[in-house]
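> I have a structure I would like to understand better, so I am pasting it below and will then ask my questions one at a time.
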Amino acid sequence: NQTSGTEFVLSGLTRDPFLQRLLFTVVLIIYLIILLGNMVIMMVIRIDCHLHSPMYFFLFHLALVDICYATTVVPKMLVNFLVKGSITIAVNACITQMFFIFLSAGCEVFMLSVMAYDRYVAICNPLKYQEAMSKHFCYQLVGSSWAMGLLYSALNTIPVLNIQFCGHAEIKHFSCELPPLLSAACSGTYLSNVILLFSAVIFGSSSFLLTLISYIYIIMTVLKIQSAEGRHKAFSTCSSHFIVVGLLYITALFQYTKPKSVSSIILDQVLSTQYSILTPMLNPIVYSLKNKDVKAALGRILKKLQFV
């Protein structure tokens, strides 16, 4: 029964018809919020000249990554909720989805590190900010984030192409993430498991350390400010980013450090839902509610539209 495979069977979140209809409605609403929220953020940053700064340039690309991440997972998920029988996905489509999941996840964590570095320069070296964060350097940072995501994705995808899967193997998940995909393989998963572990540790720890070091310097600098108003103003410029980083890394930390005794298919699916669906939805909400500049820019655009 060994085969390079023609298709996989996805277990999905549930096979109960009522829950499928309910989840379809909920996930569709969340997906529309993701698209609308992130597109509005991108539109406001593009249109309003007050937001043409490195900080919002990086936010623009974070919103783009969130749209890519959600679009990689959610449309297929929605289609699966409408399927009454077995949920299947072609092997090539499954590996392609896995590639873009890795690409989006890898790019997102490094984009957040870039945004942390931007806040470090703005708060710790404000007089050199314009010189340090030049337009050319900002493009390099964004390009590096996409390149690291592409490298992370390629490292984990290429070994999977040589794995043998049993005929009609079942993936106990709602999407083609690598760990459940490897569980469905007949043999040859050792290399993929090793690469997944080392790449997650190296890429994850390096991006986390970059973010952590930036925030250590930020906090040390802010605490030296004499006035409470000055400290509050400095912290407010990075509070939105800190919340987003916290949501992502707390989930990732629990995912990779949880004991085997609490490991389960349902828990893994809940955690995957958090960082592939809920985080892209929360990011634009957090940035629009916590950021006065974005709210002010949105207000200016709406005023202009009223007079058109």
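Every residue number used here counts from 1 along the chain in the order it is shown.
The backbone N, Cα and C atoms fix where each Cβ goes, glycine too.
Grabbed the feature section from TrEMBL, which reads as follows:
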{"type": "TRANSMEM", "residues": "22-45", "note": "transmembrane segment"}
{"type": "DOMAIN", "residues": "37-287", "note": "domain 'G-protein coupled receptors family 1 profile'"}
{"type": "TRANSMEM", "residues": "57-78", "note": "transmembrane segment"}
{"type": "TRANSMEM", "residues": "98-117", "note": "transmembrane segment"}
{"type": "TRANSMEM", "residues": "137-155", "note": "transmembrane segment"}
{"type": "TRANSMEM", "residues": "190-223", "note": "transmembrane segment"}
{"type": "TRANSMEM", "residues": "235-256", "note": "transmembrane segment"}
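Help me see these features in their spatial surroundings.
Beyond the transmembrane segment (98-117), the same-chain residues lying 6 or more positions past its ends with a Cβ under 8 Å from any Cβ of the stretch are 55, 58-59, 61-62, 65-66, 68-69, 72-73, 141-142, 144-146, 148-154, 156-157, 160, 175-178, 181, 203-204, 207-208, 210-211, 214-215, 238, 241, 244-245, 248, 275-276.
Panel annotation: around the transmembrane segment (190-223), residues 106, 109-110, 112-113, 116-117, 119-120, 123-124, 148, 152, 155-156, 159-160, 163, 178-179, 182, 231, 234-235, 238, 242, 245, 249, 252, 256 of the same chain, lying at least six beyond its termini, place a Cβ under 8 Å from a Cβ of the stretch.
Under 8 Å from some Cβ of the transmembrane segment (235-256) lie the Cβ atoms of residues 55, 108-109, 112, 115-116, 119, 122-123, 200, 204, 208, 211, 215, 218, 222, 268, 271, 274-275, 279, 282-283, 286-287, 290-292, all in the same chain and six or more residues away from its ends.
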> Average pLDDT across the domain 'G-protein coupled receptors family 1 profile' (37-287)?
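Taking every residue of the domain 'G-protein coupled receptors family 1 profile' (37-287) together, the mean pLDDT is 86.
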